[in-house]
Amino acid sequence: METDVTSDTVEVLPQHKFDLRSLEAYLNQHLPGFGSDSRAVLTVTQYRSGQSNPTFFLQKGSQAYVLRKKPPGSLLPKAHKIDREFKIQKALFSIGFPVAKPLLYCRDASVIGTEFYVMEHVQGRIFRDFSIPGVSSAERAAIYVSVAETLAWLHSLDIRSLKLDKYGTGVGYCKRQVSTWTKQYQASAHQSIPAMDQLSTWLMKNLPDSDSEECLVHGDFKLDNIVFHPKECRVIAVLDWELSTFGHPLTDLAHLSLFYYWPRTLPMINRGSHIPENTGIPLMEELISIYCHRRGIDPNLPNWNFFMALSFFKLAGISQGVYRRYLMGNNSSEDSFLTANTVQPLAETGLQLSKRTLRTTPPQADAKSQLFAQSRRGQEVLTRVKQFMKQHVFPAEKEVAEYYAQSGNSAEKWGHPLVIEKLKEMAKAEGLWNLFLPAVSGLSQVDYALIAEETGKCFFAPDVFNCQAPDTGNMEVLHLYGSEQQKKQWLEPLLRGDITSVFCMTEPNVSSSDATNIECTIQRDGGGYIVNGKKWWSSGAGNPKCKIAIVLGRTESPSASRHRQHSMILVPMDTPGVELIRPLSVFGYMDNMHGGHWEVHFNHVRVPASNLILGEGRGFEISQGRLGPGRIHHCMRTVGLAERILQIMCDRAVQREAFKKKLYEHEVVAHWIAKSRIAIEEIRLLTLKAAHSIDTLGSASARKEIAMIKVAAPKAVCKIADWAIQVHGGAGVSQDYPLANMYAIIRTLRLADGPDEVHLSAIAKMELQDQARRLTARM
């Protein structure tokens, strides 16, 4: 059915061979025009793609046809009803809907062994790959628009006018689908797949309230079941109506949208969330919008996760049935055996989607992101993060605060309350996990910067999305510089959230603002290294899940420069000689939530040589790669925290009175509010510019911008927090409000990753160098 039929057909499979002379004799007698050229020879080839009902291309002289038949052998009940295909195509063709013209139906199984029907061959283009290679972005977009509009047309048909009596029940379609595909799967299963059983149970318990909606549904509506005009982006035939009936229209729309969530473990296509920008392929929300506009319905579709989960469940059931026919020897395609490995990942994807809240309208771009544009995926993920924060994270703040208030004197204070662990599982199921790492999330630094701002509004939110420091920086180190063994042993469990980590750099006995002062040693000893030294401000070391430390220490080489004297090495926390000495308070706060900030001693700690990261003398090189994106994350979380502080300040200013006036009516308070808004906008833009520079130029070329935000953001937000405390009076420094804790968190950022003064000196040096280059260029 493509322009080049030979590329899509093969010799008839042995199990599907039939009597050609019998077929030819029957068609000569019953199909008008078939025998017009008595000298022409009938040739028959089989389509590769027919996995359910075998499909054949018939050629006789200038005449071309397509034959569909039932597969031979024992069949599942109510499956392979090709008479229904013929009936629906005949009805649709009569009203001008794009289908191949049905020509005849044969119920006499003696002709070729089973019932069959013949239709016209439609000459056109069929795209087997959802990315539609070989066409322009504009044409690709037009093709998808045509697909969505054709589906909307189908669902808008008046089913009564089609005169398809008893073609389908309609009402209760979703429930019947779950029941039918559960039975079909169970009848053909060759092994136990728990995800299929769990998904079946979930679907039956979460049927949509709108299950009474009915229209004509295709049942397998997807790109490779559509024939397009040879030159135009126009649908000229929709194929394969085997599963058509009266049912819920969103089942078709969800089936069309499968590729957006396709499991990466399956080789057919890549996961749609990583569809490249500017390819013309619409976002799922855009595709839905086109469909809904054509039908005149609201694009905010309820229960979308149900319909997506049902589509994956159904496809998993179909795949299981195809494999069963392969085992029985009556498969319709030579590669049917491959479907055995698709059932489980399809079911697991459906189960994951069942736990997610899926939006069906395009995200509205925030005005603050327009100067440094987000990707389409960045907009979509940010919208979902905001929704998740509103629905789940902010409502949990009180419970989390009470947990740490009550566990202050127990060992549990360094761990997480159950509610955070539940939120983490929910975020992972929603796909809102490891968003900070571009290679995993597909997000740019600008994309993630805006997400970091949102998570900065709640002190435990980064942990919910597995985007907390210092783990983000440590995971970046392992991703960029770790060996395959190091990634497998430590990066993978960190990415899963099974463990946490600590970064050990700062030392109590030296001025660590000059990192070359570091005294901790990493000495080669036979087949390993021995680590000796004292570290402090090792954040997260007290977390019960903290299993690995990245330690910066000296591996002196007399011939190397002062910045090639240090290395980084992995030290498991349970290695003999690793000792947690004491937690360090910050303005009296222990920062239990993040596992505290600890003094850690390494006393003759021996680790294998394979634990060294990248090589001896590469420590500062790794640090620069680690700290660039990390400072973006810190500063944008600070922007988010500033927004929260300003909100608290404004609430207080509106509610309280002093000297017979609301606080905001006092000019000094009004000015604090105004200056706060100005400062927030300034540091947001400066940080987004730094993120944009990393995206476009790389971390090395963005050093000045990164240093500037590291100075500007914490300093500005400290001032905003101070104003907010003033507005609250004594309450501002009490436990009744979070402002004192917020101030403590922000104030430490003026020291973390280097004090302001170090960054200011670096900025001045880079500025003078830039000015000198400009002067030289002018001369």
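Glycine residues also receive a Cβ, built from the backbone N, Cα and C atoms like all the rest.
The following features are taken from Swiss-Prot:
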{"type": "BINDING", "residues": "503-513, 537-539, Arg656, 726-730, 755-757", "note": "FAD binding site"}
{"type": "BINDING", "residues": "Ser513, Gly628, Pro629, Gly630, Arg631, Gly754", "note": "substrate binding site"}
{"type": "MOD_RES", "residues": "Lys163", "note": "N6-acetyllysine"}
{"type": "MOD_RES", "residues": "Lys166", "note": "N6-acetyllysine"}
{"type": "MOD_RES", "residues": "Lys175", "note": "N6-acetyllysine"}
{"type": "MOD_RES", "residues": "Ser210", "note": "phosphoserine"}
{"type": "MOD_RES", "residues": "Tyr323", "note": "phosphotyrosine"}
{"type": "MOD_RES", "residues": "Lys368", "note": "N6-succinyllysine"}
{"type": "MOD_RES", "residues": "Lys390", "note": "N6-succinyllysine"}
{"type": "MOD_RES", "residues": "Lys765", "note": "N6-acetyllysine"}
Completion exercise
Around the Cβ of Lys166 (N6-acetyllysine), other Cβ atoms within 10 Å, all chains included, total 6
Problem - Other CB atoms within 10 A, centred on Ser513 (substrate binding site) - result: 13
Handout entry: Extent of the substrate binding site in Å [max Cα distance among Ser513, Gly628, Pro629, Gly630, Arg631, Gly754]
Key = 19
Exercise for the section: List the residues of the same chain that sit at least 6 positions away from Phe503 (FAD binding site) in sequence and have their Cβ under 8 Å from its Cβ, in sequence order, or write 'none'. Expected result: Pro470, Gly473, Asn474, Ser538, Ser539, Ala549, Ile550
Handout entry: From binding-site residues Asn509, Ser512, Arg631, Gly754, Asp756, the one whose Cα lies nearest Lys163 (N6-acetyllysine)
Key = Arg631
Exercise for the section: Let me know the most crowded of the recorded positions, choosing from Lys163, Lys175, Arg631, Lys765 and counting other Cβ atoms within 10 Å. Expected result: Arg631
Exercise for the section: Look at the binding-site residues Thr506, Asn509, Ser512, Ser538, Gln726 and tell me which residue has the greatest number of other C-beta atoms within 10 angstroms of its C-beta. Expected result: Ser538
Exercise for the section: Check Ser538 (FAD binding site) against DSSP and tell me helix, strand or coil, would you? Expected result: strand
Fill in the blank from the handout: Closest by Cα to Pro629 (substrate binding site), out of the recorded positions Lys175, Ser210, Lys390, Gly729, Lys765, is Lys765
Exercise for the section: Name the secondary structure element type, per DSSP in three states, that contains Lys765 (N6-acetyllysine). Expected result: helix
